[in-house]
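Written below as structure tokens is the structure these notes are about.
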Amino acid sequence: PYRGNCDSFLFFHLSCFLIPLKAATAPRISSKRLALNYFDMNYKTQFGSLWPSIRISLLSEQKYGVLLNNYSDVESVTRDMEVLNAKGFNFESQKSELSSGAEAPAPSPTSTAISPNIQCYTFPKGDISRFPPASSSGSVPPRAFLSASALVSLAAGQVAANDISASGTKRLGGVLHSYVPKELHKAVRVTSLDGRNWGKVEKETYDKVLVDVPCTPDRQCAMEEEDNIFKRIRSQERQMLPMLQMQLLISGILAAKPGGEVVYSTCTLSQLQNEYIVERATELIENQYSIGVRVENCNHFRKLFHDTFSFSADCRLGELVLPHLTANFGPVYFCKLQRVR
């Protein structure tokens with residue numbers, strides 16, 4: 001009798017535990033699905049009838065470009081690009097503009113010319129070919145793959161690169177030192193400081209500053225579960241992004257010399273993280289530091305590269321590259337500023 005009672009007693013209590021355990025292990029909405037739900041709610045309002053085509057492009061394979069390494073055998077790599085039928089879109093775009101006989105755009109207070117040292121290749125619109133892996137028999141790789149989010153060039157003088165993440169700093173340092181000859185390594189300084197303090201530590205130091213901020217990387221959030229910022233445990237981090245972005249942009253402006261140029265960039269479609277950050281940061285830096293900032297007109301780049309990228313027609317400040325199935329780059333937002341005092 002005792003054994004029977006014991007069995008009944010155990011069964012009763014186990015059944016009580018099994019019911020909530022089953023509910024607790026029920027499938028939860030993935031971070032990718034949370035991201036897409038958020039995008040559908042916000043970007044449908046922002047882009048209207050364009051959103052379905054942008055959405056399917058975000059969920060499709062991304063297109064890449066190639067940046068030639070000027071410290072490698074450029075002529076050999078250029079021939080390889082021609083064999084692949086890839087086009088040098090920066091040079092081709094400028095030649096097309098000159099040959100069209102179109103009226104030259106009004107000159108900008110700062111130069112919009114593209115350095116001849118920057119040579120970029122991609123496949124034409126509608127061509128979904130892929131670049132083969134780069135092989136190198138020399139001391140530096142001949143080219144780097146780009147998602148068209150940033151172009152980095154080492155000019156005469158010093159280059160400083162900062163990332164608060166230790167792993168990010170290690171990766172950044174490795175890339176720079178891999179693509180730049182050893183004799184020029186001393187010209188590149190890589191640090192791991194809080195970028196919000198950079199403007200105080202390096203006040204009025206640089207001629208040009210790139211502020212590539214953390215954001216909700218829309219394509220990655222829609223495609224990858226790992227390290228997705230839409231994970232529930234990262235909700236507070238995601239909500240604080242606009243404040244962090246504004247602080248980093250202000251810090252970048254403070255680090256620029258009077259007359260220096262600052263480029264703010266993200267890989268999101270979000271107006272809140274793009275134009276609104278530029279507007280708010282320039283307003284605050286005027287009020288708090290009495291520093292004037294001019295937002296540059298970047299329409300020149302939209303006209304120059306309209307055959308390569310798909311640009312938003314409704315971006316009030318800067319330019320926004322939209323994902324499109326025939327030219328599946330981005331999203332990329334960039335805005336050029338000049339510190340006037």
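In case you wondered, yes, glycine gets a Cβ from its N, Cα and C as well.
Just so you know, TrEMBL annotations are computer predictions that nobody has curated.
Features reported for this protein in TrEMBL:
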type	residues	note
SIGNAL	1-23	signal peptide
DOMAIN	157-340	domain 'SAM-dependent MTase RsmB/NOP-type'
BINDING	D163, D194, D212	S-adenosyl-L-methionine binding site
ACT_SITE	C267	active site, nucleophile
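Report note: the S-adenosyl-L-methionine site is defined by D163, D194, D212, and the residues of the same chain whose CB lies within 8 Å of the CB centroid of those residues, excluding them, are N162, I164, S165, G168, G195, P214, L248.
For the pair formed by D194 (S-adenosyl-L-methionine binding site) and C267 (active site, nucleophile), distance between Cα atoms is given as 21 Å, rounded to the nearest Å.
Take the binding-site residues D163, D194, D212: by the count of other Cβ atoms within 10 Å of each Cβ, the lowest one is D194. The S-adenosyl-L-methionine site in the record is lined by D163, D194, D212, and its two most distant CA atoms lie 14 Å apart.
Per-residue pLDDT, averaged over the domain 'SAM-dependent MTase RsmB/NOP-type' (157-340), rounds to 92.
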